[in-house]
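Take a look at the structure below.
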C-alpha cells in the first residue's frame, strides 16, 4: 500500500501527496541526476510481454503435447549448440574492449562469488551428510547462473539501447564468469557425490578436478568465448563478409527459439515440488532474486571508479537489474546430467522465472527514481498501481470464469477461494475508480470510492488467513466441521465493520492519496488487519506442515463414493484368451458376478439383464469372448455407470490443496511487505531509498494479486488446456470418429498392427483389471496413466508425451476406447478398455486379402 506522510510543500503533483516522504536531502539527491538521460522505461512493458508471451506459447505447446519433451530436446540442442555459440562469437568479435569498464566486471565477479560460497557453505553446514555434496554443488550454481541471453538481453536492450548502448556488450562478458570460474567448483562437488554414491568408482582427487573442468570445456558457450576473443584480435573487430550473413541468420534465431524452449522445459516441473524441497526452493530463490541484486549493486557502488556521478549511479542500477535476472535453464540440464536434485532445480527454475517478471518491472521503475523529483515519483507509483490493476483485473475475471464454469466453487476449498478472487477483483476496480476520482473534487465521491477500495483490499488481506485456516480444517474434517458460513461472514463482515469504524471515528485529512486518506488511524488499521492475517496463515500452515498434511497425496474421492466403487479384484486376463468360454478359474473368484445376456434382435445388439450368477452358477457355455465383453460394455454410456461417475468426480473433485498452500505462501510474502511498510512509517518517518522501493513493491502486490491467482487457477486442465488442444486438432484437420474409422492413416495402422501382434497380450496381463461398472456388470478396464507408464516401462515411448501420442494412435485405430467414448486418450485417471473389433487391423487384413486375390 502507498503510505506517505502528510507534509504540505509546494509544487506537489496534484494526484497524490508524497512530499512528506522525501526529505530535503533526499530531494537534493534526486535532482543531482535530473538532467541526465534515463532508461527507456516506456519500452520495458512491451519487452516483458514479448519475452513472457513467447515463453507462454512454448509452455502451451508442451502442455497440450504439440511438442513432446523428447522433441523439445532437438530444439534445445539447436539453441545451445548452434544459435547461442553463433551469437556469442559474433558479439565477441565486434566487442570493443577499450570501452569496457573493468571495475564493473570485477564487482559482478565478487558479488557472484560471494553468493556462491555463502550458499555452498550454508548447504554443507545444514544438509544431512548423505546428499551434502550434490546440494553444495548445484545449489550455488542455481543461485549465481542467470538467464543472460534469452531473457536478460531483451530487457537490457529495451532499457538501455538509446541511453547507454555500451551496457549491452557487458552481458557477453559477465555471462562467462559463472560458466568458467564458478561452475567448475560446483561440478567438482557433484563428482565427489557421485564417487560416494558409487563405491565401485574410486576417483583420485586429480581425476575429480579434471572431470569438473572437462564439464566446463565441453560447454560450447565457453569454447566459443575463447574463439571469439582470439578472433577479435585477429580480425580486428570486423567479421568477414562471407561469414557475416551466416552468423546473423543463426544469431537472430536465438532469441525466439530460446524463449520458446524455456517454455517447453517448464511443463510438468511444478509437480515435482514436494514439501521436503519447498524450504530449500524458497531459500534459493531468495538468494537469487534478492541477495544477488543487492550484492551486485553494493559491489559496484564500492569498487566503481567512474569520473561522473551519473555514470556511477547508472552502472550500480544496471548491476542491480542484472542480479534480478532469473536462473538459466542450463542449471536444470546440469542437474539432469548428474541425476541429482532434479526436483528442486527444475521447479525452482520455473518459479524464479515467473517471480522475476514483476520484480524486474518494479526494479526498472525504481532505477529511474534518481532522475525524478517528488512529483514524478508520486506519478510513477500511481501509474504503476493503475496499470497493474487493469491487467490484474483481466486475469482475475478469467480465473473466476474458470472456477465458475468448472463448478469448483461449489466445493471446498474453492468455495472460499472464490471469495478471495472476488475481493481481489473489487480491489482492482476500486483502484481504477480511484485513478479517476483524484480529478473529482467531491468529497462524497472520494469517500464512496475509498469505501469500495479498502473494504475489498482489507478483505483480500483477511481472506488469505481464512483460506489457510480452512485448509487446515479441511484435512481434519473428520473431527472438525468447517464453519463455511462463519468464515464467509468474517471474510466480508470484518473489513466492512473496520472501514465503517474508521469512517466514524477517523477524520479524513483532505489528502487525495488513498493510503493516507484517514491518516495515522488508517495506517494502524492496516497494520492490525495484516498482522491478524499473517498469524492465521502462519499458524495454520505450520500446523499442516508439522502434521505432514501438506506433503500427503490427498484422496479425491469422498468416503461415500469410495464405498460405491469397488477396488479391482484381479486382472481380467481370461477375457482376452482365445478360448470362447469362461474357464473354471474365472468362477473361483469370491466376487459375485452378474452379466448381461447379449443377443441379436432384428440385426441389432440387445442386452437384457440376466439372473444373478454366483461363484458356482456361471455355466461353462456362457460365452464371454473379447467381442462379447465389449458389446456388454454398452451400459457405460449411461449416466448410471459407476466408473463414469468416478471419472467425473476425479475431474471436478480435485481440491488442489498443494496449489492453495502455494497461493497462501506467496500472498504471505506480500502481507509481510505491507506490515513492514506500516511499521516503518509509524516508527521512522525518514523516507530512505529502501522505503520508497518497499512502496513500489506493495503497490504491485496489492493490485497485482490477480497474477498469482491466475497462475494457480487460470489454466484449468479440463476446462482450458484440453479443450484448446481439441480445438486446435479440429482446425488442423482432425476428422470425426466416423471418418477416422473409414480411413485410418498408414502410420496409425502400422502402429496398431504392431501393438496387436506383439504387445497387446502382455499389456492386458499387466494393466487390465476388473471393475464394477454397473449394478450387475463387471468389465476389464485400465487407467490412461497406467498405459502411459507401461509404454515407458517396455520402451515403446521415450517420454510421457510420446506415450500419449502412442495412446492416441491406438484410440484412432480402434484398439482401445474410452468407456463412454467422451474423451480422446489422456495421461490421466480415465478409464479405457480394449475393443473387440479394430478398424485398423480389419482394414489392413482386407487390403491384404484384396492384394492376394
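Cβ coordinates come from backbone N, Cα and C, glycine included.
Some features that TrEMBL has for this protein:
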- 44-66: transmembrane segment (TRANSMEM)
- 104-126: transmembrane segment (TRANSMEM)
- 168-190: transmembrane segment (TRANSMEM)
- 211-234: transmembrane segment (TRANSMEM)
- 246-264: transmembrane segment (TRANSMEM)
- 276-295: transmembrane segment (TRANSMEM)
- 348-368: transmembrane segment (TRANSMEM)
- 388-406: transmembrane segment (TRANSMEM)
- 418-437: transmembrane segment (TRANSMEM)
- 443-472: transmembrane segment (TRANSMEM)
- 484-504: transmembrane segment (TRANSMEM)
- 568-589: region 'Disordered' (REGION)
- 694-715: transmembrane segment (TRANSMEM)
- 758-836: domain 'DEP' (DOMAIN)
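The recorded stretches the transmembrane segment (276-295) and the transmembrane segment (388-406) do not share 3+ CB pairs below 8 A when only pairs 6 or more apart in sequence are counted, and are therefore not in contact. Two recorded stretches are said to be in contact when at least 3 C-beta pairs lie under 8 angstroms, sequence spacing 6 or more; the transmembrane segment (388-406) and the transmembrane segment (484-504) fall short of this definition.
Across the range of the domain 'DEP' (758-836), the DSSP-based residue counts are 33 helix, 20 strand, 26 coil. For the transmembrane segment (211-234), the most Cβ-contacting stretch among 104-126, 168-190, 418-437 is 168-190 (pairs under 8 Å). For the transmembrane segment (418-437), the partner stretch with the most Cβ pairs below 8 Å, chosen from 44-66, 104-126, 246-264, 484-504, 694-715, is 694-715. Using the rule of three or more Cβ pairs under 8 Å, pairs at least 6 apart in sequence, the transmembrane segment (44-66) is in contact with the transmembrane segment (246-264). Averaged over the domain 'DEP' (758-836), the predicted model has a pLDDT of 80.
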